[in-house]
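The structure appears right after this line, and notes come after that.
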C-alpha cells in the first residue's frame, strides 16, 4: 500500500505538465487563440464584453471543475482549460479597459491588484504559490484563478503597450510583440541562474507569454490601417486551434516529475522538473 506522501506526490504531478520548449510553444499559441477567439465572440458576433465574459466564465468553471475531478494529467483537458483562461482573460481585460472606461493603465492597475491578491491569499492559505503545492482541490482552484488573472493582466499589458488610444503607449503590435518576446527570452536566460526562484520565473514567463500572444493575435485580426493584417478572426482562431491540437497530439505530453523527495511533514522539498 502506498504511503500518504506518495499518494499526494502522484496527485500533484499528475495534473501538471512538464515545462519544456513544447509547453511554451503551445502556451503562446493558446494565448494568441484567446485573443482572436475572444474578439470573435465579443466583436464579430457583437455580443459585447460582458456577455462574452459570462459565456467564457461558464466554460472556464466547467473545465476547471473537470480538471480538478480528473485523477491524472489529461493533456487535452489541461490545454482546453488554458485556452479557456486566455479567452476569458481577453474579454475581462477588454471589459475593464473599455466598458468600465478606466483605460489601459487603469485596467493594468485593476488586474495587477487582482493577481497580487490571488497570490497573497493562495500563499496565506496554502503556504506556497509554487506549482508543486497543488495537492488539494482548493489549491487547484487557486492555481487556475491565478492563471486566469495572469492571462487577464497579460491582455491588459499587451493592449497598453501596443494601443494608441485609452492611454496606450502606441508602440504598435510588431514592437509590442518584440518587447514581450524579448522579456520572455530574458526570463528564459535567468532560469539558469540558480539564485533566482524558479517559481518566480515561471509566473513571470507565464504572464509575459500572454501579452506576446495578445499582440500577435491583434496583429493578425486588426485592420491594416491600425497596423494589423486584417485576417478573419474566425479563420485565424480555427487555424490556431488546429495548430494547438496538432502540437498536443504530436509533442510528448508528460506530467511533471520531481527532483527532490517529499519532506516528512508532507510538504514538498523541491520543484517539479521544468519549474
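Here the Cβ of each residue, glycine as well, is placed from N, Cα and C on the backbone.
Noted in TrEMBL for the protein shown:
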- 47-65: transmembrane segment (TRANSMEM)
- 77-96: transmembrane segment (TRANSMEM)
- 102-122: transmembrane segment (TRANSMEM)
- 142-163: transmembrane segment (TRANSMEM)
- 175-193: transmembrane segment (TRANSMEM)
- 200-220: transmembrane segment (TRANSMEM)
- 232-251: transmembrane segment (TRANSMEM)
Problem - the transmembrane segment (77-96) vs the transmembrane segment (142-163): 3 or more CB pairs under 8 Å - result: yes
Completion exercise
Spatial neighbours of the transmembrane segment (142-163) not adjacent in sequence (6+ beyond its ends, CB under 8 Å) are 31, 34-35, 60, 64, 67, 81-82, 85-86, 88-90, 92-94, 96-97, 104-105, 107-108, 111-112, 114-115, 118-119, 121-122, 125-126, 129, 131, 134, 169-173, 175-176, 179-180, 203, 206-215, 218
Problem - Distal contacts, the transmembrane segment (102-122) - CB-CB under 8 A, six or more residues away - result: 92-93, 96, 129, 139, 142-143, 145-146, 149-150, 152-153, 156-157, 159-160, 163, 166-168, 203
